[in-house]
Amino acid sequence: MSNNKQTAAPAATSNEKAENGAEKEAIEKFVEVVRNTPELQGEMFFDGCIIAMTKDAFKGKYRVFYGNGLHTSIMFGAGTAALDLMTPGSFLPPFPQRLIKSREGSAPTMEATDPMMSRVIILMNGECLDVNSELINRPKTMGDDAISNLTDDLNNITPKEGEATVKEWDSLPGGELRYLSKANKPDETYMKDLIEKYFEKAICHNGKKVEDYVFFLVANPIAMVSLARKGFMSNVNMHNYESFENNIVIPADDDELYFGDHTFKVAVNNERLNTSSVANCNAYVRPFFHGCNGFYQGRNKRIYPESHDLYRRDYIKDYNTDYKSLCYSRKTENVMPVCDFISSTAATLVLQKFPLNYVIEHKFTTEDDDYKTKMAMSVKLDLIKEIAIKNRYRPNVFDDNFHVSQDRIYATKYQGHLERNTISPNALHTYKTGGKLGIAGELMEGEKMSQWVHTDIASKFTSMENFNKNGGDEAALCDDEEKELGFGKMYVTSRLSSVFDFKSIFNANRMTTQHELSSQLGDTDTKKEQKEKRSKQGGSKLFNYKIKSAFNPVFNSLKSPAQKILFNMCGDRTLFKSVMEDALFLLRDEIFLEDKLVMTHPAFAESENPNHCQYCKCSFNNGMAGVENKDFCFCYLILRTMCALSAREPTQFNITNLWDKTAFPSELPPTTTETFDYNFNMNVRTIERKNKCSAYGNAVLTDSERENGFADPNLKEENGSKKKLQSYMKEVKLEALIKAVLTAEPTLLHPDQRINMDKITEGDEFYHKLEANRFAKSMGYKQDFTMGSIGPDETPNGSYQLSSIKSIRDVLLKDSKSSVDYELNKFIVVPGKMTHTIKGTKKSDDGDSKTDGSGDMEDDFTSLAKMTNRKRKAGGKDGPSKKKKKDGADKSLEKLARAMLLDLLEISIPNSDASLSLEEQNQEIRKFWREKQIHPDYIFLFPNAEEKRKLTPETTKQLCQKFMKVVGICRDMIRPEPTSSENIRLKLVTTYMAGVRDYIKRLAEFLAKKLNYSSVEEMRGYAMSSIRMKNESVKKTQSSWMDPQSTSDPVQKMMERKITSAYATHRIESANTKVLPYTDSKLIPVCSEIPIPARMILCSVGETESDGCKRLGYNIEGYKRNEKDIKMAGEKQQPHSYLTPLEMKIKMDTFQKEAENIEKEKYVDGNKPETAAREEIFKQVREKEINCGVYIPWEIMAKDLCENAGYKDSDVLDPAVLAHILKRADVKFEKLGNGGFASALNCKTIAKLLAGYLDTMEDVNVTRPSLITNIFSDMDTICSMVNKIGMNMKSFFGSYDYATFDMATFNLKDTLLKMISQEPELGSVLHLLITMATIYGVNTSTNGKLFYKSYERDSQAAVVGIGGILNIFLGMDACKSSNAAREIKQAQRKINPMITTHMDYNMKRGGGIDRWSTLDTAKCQGMSRYLGCYSFSTYPGQQGSNDIYTKLKLSGGFFYNSIPAHICAQSKSHNTNKVTMCLKNSGVLYSSFKRGGRNVDIAELLNRGDLDDINNTILSTNGLAQKIAAYFLSSIGIEPKTNGFPDMGNMSKSMFVRKIVKIHFSEFAEEDGEIMVERKVLKHILGFVYPDDSVVEKPDMFMVYDPSAMDVDEDEDEDMDDESDDESDGEEMSGE
């Protein structure tokens, strides 16, 4: 894609050719769209303008969304905003053109000019844009005044005594910030004069006032520089440089700004604005011109001479007439005045757009420090104007007044050329269009536009629209403003991570090179000498230049973290405010600590007032209980946010620790170049679909013993094709093999326990929604409720999710006593199917034991009672009647009870889409009982009841059978220990492990077939001896784009511009290129040209209207009519060559580093003399034949085998040890599932080994393979669902049978050990898998906290399975080299995956963001972002080539000691894994956000039943707890009091809790549920009800019984509970 010639470039691969072809096609389509859309181009005759637009235009539907998504920030009615939001529309085209005067008698030419800057300056009445202040509750200490005071303190910084002189200080980056104005908005006098002179007559009509309009300033880069310079140089002649040391006055260009002669009126057609409801929506524009804009100075009477062929055209004649209206004159009265606010804001915007991260050594001297600072700022701005904007170098000016190295000047020219000439094709989607794809939306169709990154605003809008469409009840419950706010801040976590991480390149205010540092430290070696020195030392022939964040005394003089952040934002107070609001949004309701502790400021812990922040001049954290107006300072907010991002508890220890690491990131300047290894943390954007390389790079497998490798040995030579096929199959690329496995075997889940989210059936979707909507909050569920896969290269990997509900129903729908399937009618009428199919799992040859349900009712009931009281025999064969039915439809008690249980299952888990609520379903049940004249307690009372005569014998029998069996099964679900094979948890775990076993077997069979082995057994033999992986490391390369135009986030823009600056600096350093007078676009690498011809689309001016303004527009129709004539007349339309976004490569090493305790080994000619003993051991193992025929267990960590294999004192397993183990243990994958894999004799041994391993699962200091962690998490999730259902059933039947039956705590270990005793093979499979995962898996203990669990589990299963079955490791083939001696580490080699998750996944809470499929509507699914540490590396081209290439390289310390490291929840030891985390733009993202300070509907809040939501709302809303307390008291008939406590009489706290739970939280009406309600909600309420709220009593044990629904009095309810308990005991006795 580079334009420079490469004489020895390698031949392009087929993939590269395809990509280049796709890119060329995309460029052609982009140019075609621009050519066919005249509104995208137009004459931009001015350099800036001041616009007045009615406030009504900003009251559109998506006002909140655009205000946040485009990062509008206002203080005191003034600030900055995105041009995309503020532009009137087509008046400011994205591809502006300007007429250029030609020689006398010739027509002017049309050429491209700079567009307006992407940020505008809001001057007045911008309060209507400040949506965050309306929605995000801020304490006074975080208000606009506090931010203003913080900025004033930054302006007052001065160099310390002895640290630097004023001259040196001003030469440093940021030294000029102390001269920024303290003004928060323009002077009232300035705005009053401006409005009276240019706008008042136009806007004040038809009842309109000045207060009804927003005033803002728009300017192109050169005009913005002039605005900034004029404020700093107010006392200096703007036309000249002042006399310096040599007393020479050097003339400069006219840098003045002049207002035009007219105020124009333009139509507002920006689709983001509320133009539809505003009649005749217009904006009033006063243009201004830069002094160098000579064409519009009014010197020409006609721009087209009469002799020109086009003069006779009406189109041109009209423009000749309008020309004078467009001009300006250099009169004194037309000079544009500039106030301090405009100048300072313009300076910050310019410095953000063109960062100067290096020292500028001034040569002028003066005694006036204030004047010197002004000149220093002026020089920096002039440097930007001349080099970055105009791309010209004036040695006679620059060299005489200040010194900048030639390398830096070239880098600035390089960066400026990219900034001004790069065009983002996808930026069209957000310019003067609505949130939808808009005017160039067709560009996103298909795959053609996947070459470049899409805009974040389009991604956010698409996500929000999809949430509205597919979000269901959650979307309906969210009000529009909350929804828009959530999506507008969709990337808040990555943004804050960049700002608060002081190792981020965003915070690199000064960068230096290794060569510069060497010069500063007195190293006189030249670059050439340094290269030669490194070459002699055996290093790279090319000197590896690096970029480092250098010491900056200005930055380090700041102690407050808030000031440091403000400093790195170039003093932009409005941008700082928006970041602080992002932090408040991220924390939401968790700003204050739950225990209300007052924390001490880490910097002032030893002071007299440790809670007072001397930086922010307020309390550090005033979060005490009882303090009504809680507040905190900026330091606390920043540290509290860092705790949230790093998943740390906000304790005093953690906050102090973070302070020590971040408040003073670099106290001392560097003193040596030997440790010049600083890596920047960057947040770069990539496109996943464009990156063809997988995480496994170019690693290949080979079989050294087979002549043709993996080719089919039976392949016959036909037409010379044998050689080609043999060559292709000689080696197999690991990437292709893993992809094939992920496609053929996408998941290890059992078919009865999984749901395919890509091809979800109606029934599976029903189960999925039940589980997601009912249990996600109440269980703290960690499952991924995501519709659609996110696997790489469109494999189905990641699309299969575990379904607990489906798993449990599968167990209940199987009948171990029947050998045939049958259907059973449901007992209770609820939504869904009316019958259930019961699958008979009994072996057909055991048919004698089948039971008939037609025996004597008395005997059946007696048998059932025995089972209920745990005295029955397993299998339920006690009944005396064992008759058979010919049709096989067994009507035994087991089947009836299962049907009843299925009914109860749906009762306890109501469908969110069902027509009946939980209460309504319960009412339906009671209605059924009444219709049948059955008393609900009749089952227990009928021996003595008169109502027995009302029932038929059949009805009585069925009711008894169903109810008693349900009681038994419920008890089995919640009993403490797995006592029998009928235990539901045991069945679920057994089914899960059976799925794992079958997966490994299918995987082995697939690999054997794929690699052309005749059998799994044959493949196993070669795996033990000859299958190896070639390549010492596995690399992955990703493509990334630096495309600031495609993001509206100022932080992301600044970051990408600094990356580009560092890239340019590194390139010139490494290439040692001389500075060119004019930057040649061919020197810009990895950019393609986009030729866009200039179109003759001229302005048109209408007649003066009643408001005194002329209508300004574009003569598009005239241009279309005369386009042919313009071409025939020879009009020059030379295309301007724009550049595609700068593409960079990111190289990632996905091999895990070696452990430090493994010594280096010498390999000479492929031999290993010092490990001959170890090789002899393995040779003996391979030759030894084991004939036991079954699986032999071993110690999981295999320490004894490690020592025997030559690994002394090592806990590390590697593939060589696994080869030893698999051979010794006689692992035969082909025997899995056939009954011959494992022996029951080894059960105790395996159980003991696994028990020891399971005991380590609770140890947080022990790292475990991610695959094993996820498998255990899955099993625990399913069994926890059993507990939850058991609790619901206990609540349903509690009054009758469960008053004394306690809920058990599930123990996965006990269940697994029980499974091993019954299924020895499954225990062996788990044992084997743990060892394989220890070797080939990733030791990242995320526990589903951040990563996409389904994807991580199944992708790891594929890698672990392939590695273990083929026993792949770096064999001798990888160690052979042309070098006589080669040093290599032969230790464990783990293939680490690309961990993919979604952007802004709730890293703080470990889940909770719902996502829906966007594959049908979103066009940017391939978008990704990377958070990681990068360093620049350089390498030469092929031999004979002079080309030098540069890449970004992912460093070994991925996420090391940075905030992203804590986000990833990896310890220091884990960082060596170099796990690459790909943060995908979420298809749908919404985090519930409750605005502070608004009225809360208490009834609506309580009806949601979300305890976490209620808790957070109480914490975030002042006075709400007391209001809810009054609400609760009124609901139980007690009058609340405004002051003091209510009269509670004899009602204890436990009784109060019971009543409140019964009335308002009936779904939590069981013991555990009550405790949960009390802990999360009532703890805030009891303090307003009872005086002593220090200790809250634990509520008494009780069961919920609804007397009103059963038509029973409350007094009878108490008696009934007692009778039920007594009669239940009686039944147990009778059962015996």
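The backbone N, Cα and C atoms fix where each Cβ goes, glycine too.
In Swiss-Prot this protein carries:
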| type | residues | note |
| --- | --- | --- |
| COMPBIAS | 1-15 | compositional bias 'Polar residues' |
| COMPBIAS | 842-853 | compositional bias 'Basic and acidic residues' |
| COMPBIAS | 875-890 | compositional bias 'Basic and acidic residues' |
| CARBOHYD | ASN149 | N-linked glycosylation site |
| CARBOHYD | ASN274 | N-linked glycosylation site |
| CARBOHYD | ASN654 | N-linked glycosylation site |
| CARBOHYD | ASN719 | N-linked glycosylation site |
| CARBOHYD | ASN797 | N-linked glycosylation site |
| CARBOHYD | ASN1012 | N-linked glycosylation site |
| CARBOHYD | ASN1031 | N-linked glycosylation site |
| CARBOHYD | ASN1261 | N-linked glycosylation site |
| CARBOHYD | ASN1339 | N-linked glycosylation site |
| CARBOHYD | ASN1511 | N-linked glycosylation site |
| CARBOHYD | ASN1546 | N-linked glycosylation site |
| TRANSMEM | 64-86 | transmembrane segment |
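Location within the structure of each feature annotated in Swiss-Prot.
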{"residue": "ASN149", "record": "N-linked glycosylation site", "Cβ contacts under 8 Å, 6 or more apart": "LYS617"}
{"residue": "ASN274", "record": "N-linked glycosylation site", "Cβ contacts under 8 Å, 6 or more apart": "ASP56, ALA57, PHE58, LYS59, GLY60, LYS61, ARG63"}
{"residue": "ASN654", "record": "N-linked glycosylation site", "Cβ contacts under 8 Å, 6 or more apart": "CYS643, ARG648"}
{"residue": "ASN1012", "record": "N-linked glycosylation site", "Cβ contacts under 8 Å, 6 or more apart": "PHE710, ALA711, ASP712, PRO713, MET729"}
{"residue": "ASN1546", "record": "N-linked glycosylation site", "Cβ contacts under 8 Å, 6 or more apart": "none"}
Local backbone state of ASN274 (N-linked glycosylation site), from DSSP in three classes: coil
